[in-house]
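Undergrad: The structure follows.
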Amino acid sequence: MVLKVFFPSCCSSADSGILIGRWIAEQNSAVILAVVHFPFIPVQVKQYLGEVQRVTKVSVSVLGSWSNSKQEKEESLSEFLEDLGTIFCHEPWIQISKEGDSKFWSCSTLQKHSKNPQEEEIILVYYDQRKVMLSHLHPPLDTAGQRTGDASKLSAIFDTVARSQVLFMTDRYDEGPVKLTHWQSDGVEASIIVELLKQASVPACMLLTLLLSLVSGICRSRVLKFWPLSFLWSKLSTCEQLGHRLQHLQVISSNKKAQNQNQLMRKANIFVSLLIDVALGMLLMSWLYRKNRIGHLADTLIPAADHVAEELQDLLQWLMGAPAGLKMNRALDQVLGRFFLYHIHLWISYIHLLSPFIEMILWYVGLSACLGLTVALCILSDIIALLTFHIYCFYVYGARLYCLKIYGLSSLWRLFRGKKWNVLRQRVDSCSYDLDQLFIGTLLFTILLFLLPTTALYYLVFTLLRLLVVIVQGLIHLLVDLIDSLPLYSLILRLCRSYRLAAGVKFRVLEQQDGKPLRLLMQINPLSYGGVVQTYRLPTYSCYPRDSWASLCKKLFLGELIYPWKHKGDKQN
């Protein structure tokens, strides 16, 4: 039968003493947690193990003896360590020692109370207590009823080390009744600041939760559900981003403890994302209010708007002539061109009317960067939408007119074939038409067909302009969601402490010789980058939510509207 001994690598240089740990009889394994140094009093050791077992709920006991050849100079010490098996009464009694200056280790077992002692094959597995405890490969602590079923798995070893965390977090300067060697944390002295921050975070989180509950209550009030406040809240990306950040703050300030590692990682990712977002926003705000950059931006905004309006006027003048040598319907071309030119004139008047207040508006808008870079980017997206509102109006007019003609031509084409669209059954049925209906349908079909190229050209030009604006807004929203959804904390852990994102373990052979125990090193397999990003997947985007590219091309051909940039699915981390 194979005996597996899991030995902490930090105890390799410990003084001679006894091994304390947990014996897992189901898989014939011994998990060594620490080494008690000589000299010691057996009664004090038993009392200490009783206190550890009461706190950690782990059946800790003395499993064997540890002999370091550099420390062992008298034969009486080795004999004393062997006789300890009769005092603590554990079967089998494990003896681990180092053979002089050799790199090989000897590990044997004694079964004094067994009538038929059997020689066992021993596998000595070294592990890192810190990495095993922080890798979270053990079963959750709240599933106590499932620990018996997991006893035959390797997770029982991880569970043993994780539940013994109190043993490792002792004060390194407090020796206590017995002197131990195990992985030593920074102790109480190094965690004073952390403990003070934990104590101060409780009232801070309670105050933040109260403020957020008040804000969320105001946001859920009936006043904001009436038009036009409800319309602005649903259309402005700034309001949408503020709503998402409000949800993120509620998740972070919640006093509920994370139930599992995924919830803890989600909270940490949101917290790091908020910190980086606010830091970038403060940098942007300091850059804007330095050297009067807001004034220079306001001075260049009006000339830029005038330049865009002049370019649109030149484009409309080109469309009212013979664009690319195409023969257009002159009457319809002149009517559409003058209609759009009048809208541009109204837009220029509107911009110059707001010109005295633009610098003040930009000054107050710049203050919103203290809420985060994402809020500033969303405000920039809304400003672009407002400044290009005339392009959106042109696109809507052209799309509606083009859509009307397309559906009129398709309906008249069914009339020539003796068909009609059944609205109730949502299908095409046969129908007989008289001579007058066919004559009027022929006239209307001819008129719409000859007017279609002029309408299609205006629709094509304004659709391209609208798509250009949508692409710019889409890039801004992609940057916003990259900051919101990128698992920065997970990536930092993957680079610095990969064992915190563990995907499994692997064993490496240290030495193998006949008559000697097989020595293995247990290493933590870190989670790959793909797994980290897949766990916190970024949202996917499309100009048409829930539509494919084929459906998008079909809607563009039919003249249906392209709505502002929207996202698929949830935007949370």
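Just so you know, glycine gets a Cβ as well, placed from its N, Cα and C.
According to TrEMBL, the transmembrane segment annotation covers 200-219, 270-289, 335-354, 361-388, 394-416, 437-461, 467-492.
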Undergrad: Count, for each of 270-289, 361-388, 394-416, the Cβ pairs lying under 8 Å from the transmembrane segment (335-354), and report the range with the highest count.
TA: 394-416
Undergrad: Mind checking which residues of the chain, 6+ beyond the ends of the transmembrane segment (361-388), have their Cβ under 8 Å from one of its Cβ atoms?
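TA: Here the qualifying positions are 236-238, 240-242, 245, 274, 277-278, 280-282, 284-285, 288-289, 294, 297-298, 301, 305, 354, 469, 472-473, 476-477, 479-480, 483-484, 564.
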Undergrad: For the transmembrane segment (394-416), give me same-chain residues lying six or more residues beyond its boundaries with a C-beta closer than 8 angstroms to one of its C-beta atoms, as numbers and ranges.
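TA: Same-chain contacts beyond the flanks: 339-340, 343, 428, 433, 437-438, 441-442, 444-445, 448-449, 451-452, 455-456, 458-459, 461-463, 465-466, 558-562.
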